[in-house]
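Novice: One structure, as structure tokens, below. Some questions next.
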Amino acid sequence: MIINIGLSGATGKMGRTILERIDNFKNCKISAKFNSTRDLHELNDLCKNSDVVIDFSTPEILEKLVDSALKYDTKLVIGTTGFTSSQFKLLEKAAKTLPILYSANMSIGANLLGYLAKEATKILDDYDIEILEAHHRAKKDAPSGTAIMLAEMVTAEKELDITFNRGNKTRRTNEIGISSLRGGNVHGTHEIFFLGDDETITLKHEALNKNSFADGAIRAAIWLQDKQTGLYSMLDFYKNLINYHLKKPI
């Protein structure tokens with residue numbers, strides 16, 4: 001059975017990469033495309049002709065996309081970043097009716113980085129934790145959605161406040177800071193620093209191109225087909241793979 005995948009944000013960088021990579025997956029095809037220059041009512045056609053929609057567009061279309069997905073019972077894989085808290089609540093509400101996967105980063109490397117950071121946080125309890133992220137000069141949101149995702153994975157293990165800008169204030173003991181760099185054509189680099197009095201441990205992920213993000217999104221769309229309603233993350237998708245390898249003898 002061929003899975004019909006709708007693509008929202010088809011003319012953007014991620015959309016174009018997905019169109020280039022889709023032929024590597026034999027059990028799915030792009031059935032419909034939408035870009036932000038078109039009428040939002042065309043999202044109805046996108047969802048009507050798709051089993052699942054992959055969205056890499058802009059936060060402004062989320063409400064209409066969710067309405068259309070609910071109307072046609074279309075699953076959603078959301079990779080757009082920069083949502084407000086009210087937009088996240090909209091996703092949570094829709095996920096009571098539809099299977100929805102949201103992630104700020106679809107690559108296995110970035111999600112493995114988050115997993116390793118969670119484990120390190122359990123062990124390095126008295127270390128300060130900081131995140132540094134770098135992206136290309138045209139990226140609109142800062143800090144990146146991936147950096148926020150990583151910080152939230154850390155704070156799920158240790159109660160810390162996330163801060164983006166200390167200004168002239170000294171570091172508090174109960175916080176994790178995120179710093180952002182913008183320039184060049186950087187696809188995405190994220191470093192998590194565990195800073196102790198006598199040593200520093202650094203975990204790093206660097207994307208060399210957008211292929212891993214695109215492949216992850218397509219795999220997530222396939223994986224979501226037999227899932228119950230709920231709001232999923234890429235860690236839900238990857239955790240079986242991670243757990244399998246962790247059980248192997250070293």
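Yeah, the Cβs are placed from backbone N, Cα and C, and that goes for glycine too.
So Swiss-Prot lists these for the protein:
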type	residues	note
ACT_SITE	H135	active site, proton donor/acceptor
ACT_SITE	K139	active site, proton donor
BINDING	G9, A10, T11, G12, K13, M14, G79, T80, T81, S103, A104, N105, M106	NAD(+) binding site
BINDING	H136, G145, T146	(S)-2,3,4,5-tetrahydrodipicolinate binding site
Novice: List the Cα distance (Å, whole number) between T146 ((S)-2,3,4,5-tetrahydrodipicolinate binding site) and G9 (NAD(+) binding site).
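Specialist: With distance taken Cα to Cα, G9 (NAD(+) binding site) is 19 Å from T146 ((S)-2,3,4,5-tetrahydrodipicolinate binding site).
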Novice: What is the one among the binding-site residues A104, M106 whose Cβ has the most other Cβ atoms less than or equal to 10 Å away?
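Specialist: Per the Cβ count, the most surrounded site is M106.
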Novice: Among G9, K13, A104, M106, these being the binding-site residues, pick the one whose CA is nearest to that of K139 (active site, proton donor).
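Specialist: Result for K139 (active site, proton donor): the nearest of the binding-site residues is K13.
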Novice: If I take the Cα of A104 (NAD(+) binding site) as reference, which of the recorded positions H135, H136, G145 has the closest Cα?
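Specialist: Out of the listed candidates, the nearest Cα belongs to G145.
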Novice: Counting across all protein chains shown, how many other Cβ atoms sit within 10 Å of the Cβ of K13 (NAD(+) binding site)?
Specialist: 15
Novice: How long is the line from the C-alpha of K13 (NAD(+) binding site) to the C-alpha of H136 ((S)-2,3,4,5-tetrahydrodipicolinate binding site), rounded to the nearest angstrom?
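Specialist: That separation, Cα to Cα, works out to 12 Å.
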